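Enquirer: So that we are looking at the same thing, I have put the structure below in structure tokens.
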Ligand code: SF4
């Protein structure tokens, strides 16, 4: 006998409409400049759009672009309590230069409470559970206040991101997701940063192309994949905020 809970959930008419709108926007905006995509999002969603920031180089470029087209929109970061000092310093330099009040999104549990409930250094034994507690759940709680979010993910970052569209329906969070840099190459982002003198995390200059939490980030060696320094040796490639896509571009949830 089939279990009803195993059946795929049928999208509501509203979800279907919003998903179709995102698909049309992705077609219309294909080939647009990243700031034009942000501008479209700001026009369409106003203050119900927010930008996610981990203070990596893609995100600082997006922050600069957003300042040009919609400087009042909320920008947030997930503070897992395990970020590098350099990351906090980058936050402070950006806040000062652009007069931004970054929204700090916190996990429900302190590190001490997490250790009491699930044991010390959960990231070593079960990084998926740790990422869920310190990133996915807080993000999910925060995004409930918005209709759209923007991220700095790019197609060339990893095979799991190669089908990313500039605008898409985020099945996990039930909202529109903008990825204005999806089609940009690494060199283009750095050229933009240097041309506009945007503050960035100095760890990028020391073979840290992707920077997350301290326990799950290491330097990459010459020739290694840029994301090889994240969750090294665990087989994990994503924190759960940007689930992999299958070949049809449908979220793998
Ligand atoms: S990146 Fe590592 S430390 Fe940070 S939330 Fe995920 S598993 Fe935990």
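Cβ atoms here come from the backbone N, Cα and C positions, even for glycine.
From a predicted model like this one, the values you see are computed outputs, not experimental measurements.
Reproduced below are the annotations present in TrEMBL:
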type	residues	note
ACT_SITE	239	active site, nucleophile
BINDING	130, 131, 213, 216	[4Fe-4S] cluster binding site
COMPBIAS	7-25	compositional bias 'Basic and acidic residues'
COMPBIAS	243-253	compositional bias 'Basic and acidic residues'
DOMAIN	50-218	domain 'Phosphoadenosine phosphosulphate reductase'
REGION	1-25	region 'Disordered'
REGION	224-253	region 'Disordered'
Enquirer: Within 10 Å of the Cβ of residue 131 ([4Fe-4S] cluster binding site), how many other Cβ atoms are there?
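Expert: Other Cβ atoms found within 10 Å: 23.
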Enquirer: Which residue counts does DSSP yield for the compositional bias 'Basic and acidic residues' (7-25) in the helix, strand and coil classes, in that order?
Expert: 13 helix, 0 strand, 6 coil
Enquirer: Let me spell it out: for each of the binding-site residues (130, 216), count the other Cβ atoms within 10 Å of that residue's Cβ, using every protein chain shown. Which one has the most?
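Expert: Buried the deepest by this measure is 130.
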